[in-house]
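A.B. asks: This structure is in structure tokens; I'll ask about it shortly.
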Amino acid sequence: MGRKNRPRQRSRGLFWQGWGAGYSEIIKENKLFEHYYTELKIVPEGEFEEFMQAMREPLPATMRITGYKSHAKEILHTLKEKYFKEVQDLEVDGQKIEAPQPLSWYPDELAWHTNLSRKILRKSPLLEKFHQFLVSETESGNISRQEAVSMIPPLLMKIEPQHKILDMCAAPGSKTAQLIEMLHSDMDIPFPEGFVIANDVDNKRCYLLVHQAKRLNSPCIMVVNHDASSIPRLYFDQDGKKDILFYDRILCDVPCSGDGTMRKNIDVWKKWTTSNSLQLHGLQIRIAVRGVEQLAVGGRMVYSTCSLNPIEDEAVIAALLEKSEGALELADASADLPGLKYMPGITSWKVMTKEGQWFSDWSEVLKSRHTQIRPTMFPPTDPEKLASMKLERCMRILPHHQNTGGFFVAVLVKKAPMPWNRRYPKELQMGECPADAPVEAVEGESPAEGNPSVPDTPDLLEVKKDDVCGPPPPKKMKLFGFKEDPFVFLTEDDPIFPPVQAFYDLSPDFPKLNVLTRTHEGKKRHLYMVSKELRNVLLNNSERMKVINTGVKIWSRNTDGEQFGCAFRLAQEGVYTLCPYIRARILNISVEDVKVLLTQENPFLSKLGDDAHNQAKKLGMGSIVLRYLPDPKDLNAPQCPIDLCGWRGKTSIRAFVPRNERLHYLRMVGVEVFCDKQGKRNDGSTEIPEGSAEGLSQEADLLEQEGEEMEQNGSESNANGPEPIGSTCDGPHERIYECSEVTHDST
């Protein structure tokens, strides 16, 4: 039974959305906000009016080209040489359009911003083509729509391929995507030693994380669902013994009041009050403390908020440094992003209630307010201690300096284990807890200190009945939300492997133990792969953490393939992960072959060039890799390799590539795919085919709209959980839409 063509909501131009729907009636004034920040003097003298004017202006749209993919330079070349040039010479209603500009501080011109609005996008066919290009490349994972200041924290983490990374409050996932890209900076390494564990407390928002991650097709990402302030300690096998997992890099982008986002979240204007920051301060400290506890000595943790309020910013950092007793220090990141304008952290601030009452010191706070206002909200009173913290190394980004949102970021380096990372004696002389025992989470010592006996969860110290000071018994982990399918690793002698290994001639170093499926019983429908290190984490912590998703799909069951010797066909999502191990079933193709394979549904073998045709005749029927290798002498052709999954039939050949990627590869080889506003095709009809660029643009707009709603409301429409990372329906019986269904012309 075919799928009905239901009418879909048209939602154009969301990629460059500035002001949100329903915000027009909100007056962008808040006297308490102005009074508060005037008094705190976070804005340089004489700039406050400029600061407030910038806060009232729409936020420019920004995008980032996926940095780790080998296609990044091709995407950048296409944007600069085609779309940006067309836009900069364009006039709409007598007004010249400003071409997008690179962010001066982002490396290699991989991030851009523009003031294009939805209204302008609707008025020009050239801008419509530009928009369709952006949404299709976004869904392919080649471009990410992300606020400019949101790109800063991952850049300051200085990530290397071997790093173990924790993203504590990861949803909706734009920063997580950056972390994955940096981990895969060397495309010649299919399995970096490092990995990213992306966590979020909201079960439903975790599925938005999965959507972001699956665009990047990485075997080194795991999405988990925990409260960041009590995220469990994990273990892993090292040299035959079980050790605690400490992370080399941690991103601690905590929940905040968000007053730096007023330019895009206009309702903050009417909802802003100082009580928001006062209520979040304690949670922010608890999350940050849990982060540094799990940070390896020598590691870096980046703390960030989209708030300008020092109660959520410098006060949290100062409390963390004071608790650490020298184990932490603020790193000087001033030279890490040349071109970025920021204000140094402040060392003096006051606390204000929502009624407008000010307090300069904890001693001034009335006892009746001690539950709302805490000592850690004030700067240290000891001048020497305050100076030693070097709070000026914090970075506050103000909107009017580079036309961005407001943001705060600080880089912490761990020099030694935290002071409470030690074992207290089981029995004390007076039967009491030590006076200096911290009320925060009590951690075990690092493995280097020789203490394998550590509590399972961070808990408050308490005096037990036998007067022994120690943590309470661990509680059973509570699980909320959709119950995920199991993650079942295959054994080396699994009967699946011999026919697969023979069919694709897998190299001897193929990591069979890294292959998993999502079912204990019945036929295995899909096979996924994770890195060796993530497998280690999964096997040692299955009862300690709730995993939402991990692994990239590499093979899918295909019943038709059994007669050709292998029941599993290659999946496009995992082709770049798997191809280094495949030594057979590879068909080398030219640029013209790529065009034929991606614009025709089932081209005969004779449609291929002579070289590819001769190779194809020697291959038996079944799944194949279609490989394009660049020719350095032909500068007009793509200068990066392309691997496509295909199927060699009896007399024909076809590519199994999801339609978003199909459009991406066609553009790379010089074929422009475009459908006008009315959805007109070559035959003049107005039906919008499912595989067309117009249909894709609408679909991407809807996904984008859903993503923005999830980001603001913390909701997710998929109640049944996501497909595994990298899952796409591209099976042998899926209809392959010809690109002749949409307007295309060679360029």
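Any Cβ shown, glycine's included, is placed from N, Cα and C.
From TrEMBL, for reference:
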DOMAIN    51-415  domain 'SAM-dependent MTase RsmB/NOP-type'
BINDING   C169, A170, A171, P172, G173, S174, K175, D200, D227, D253  S-adenosyl-L-methionine binding site
ACT_SITE  C306  active site, nucleophile
REGION    441-468  region 'Disordered'
REGION    680-734  region 'Disordered'
COMPBIAS  701-711  compositional bias 'Acidic residues'
A.B. asks: Mean pLDDT over the domain 'SAM-dependent MTase RsmB/NOP-type' (51-415): what is the value?
C.D. replies: 92
A.B. asks: Measuring CB to CB from G173 (S-adenosyl-L-methionine binding site), give everything in the same chain under 8 Å that is also at least six residues away in sequence.
C.D. replies: A198, L208, L209, H211, Q212, A213
A.B. asks: Could you state the whole-number distance in Å separating the C-alpha atoms of D227 (S-adenosyl-L-methionine binding site) and C306 (active site, nucleophile)?
C.D. replies: 20
A.B. asks: Whole-number Å distance between the CA of K175 (S-adenosyl-L-methionine binding site) and the CA of C306 (active site, nucleophile)?
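C.D. replies: It is 13 Å, counting Cα to Cα.
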A.B. asks: List the residues of the same chain that sit at least 6 positions away from C169 (S-adenosyl-L-methionine binding site) in sequence and have their Cβ under 8 Å from its Cβ, in sequence order, or write 'none'.
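C.D. replies: Spatial neighbours, sequence-distant, of C169 (S-adenosyl-L-methionine binding site): N199, D200, V201, A228, C252, D253, V254, P255, I287.
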A.B. asks: Taking only the Cα atoms, work out how far C306 (active site, nucleophile) lies from A171 (S-adenosyl-L-methionine binding site), in Å, as a whole number.
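C.D. replies: With distance taken Cα to Cα, A171 (S-adenosyl-L-methionine binding site) is 14 Å from C306 (active site, nucleophile).
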A.B. asks: So the record assigns C169, A170, A171, P172, G173, S174, K175, D200, D227, D253 to S-adenosyl-L-methionine. If I measure every Cα pair among those residues, what is the longest distance in angstrom, as a whole number?
C.D. replies: 20
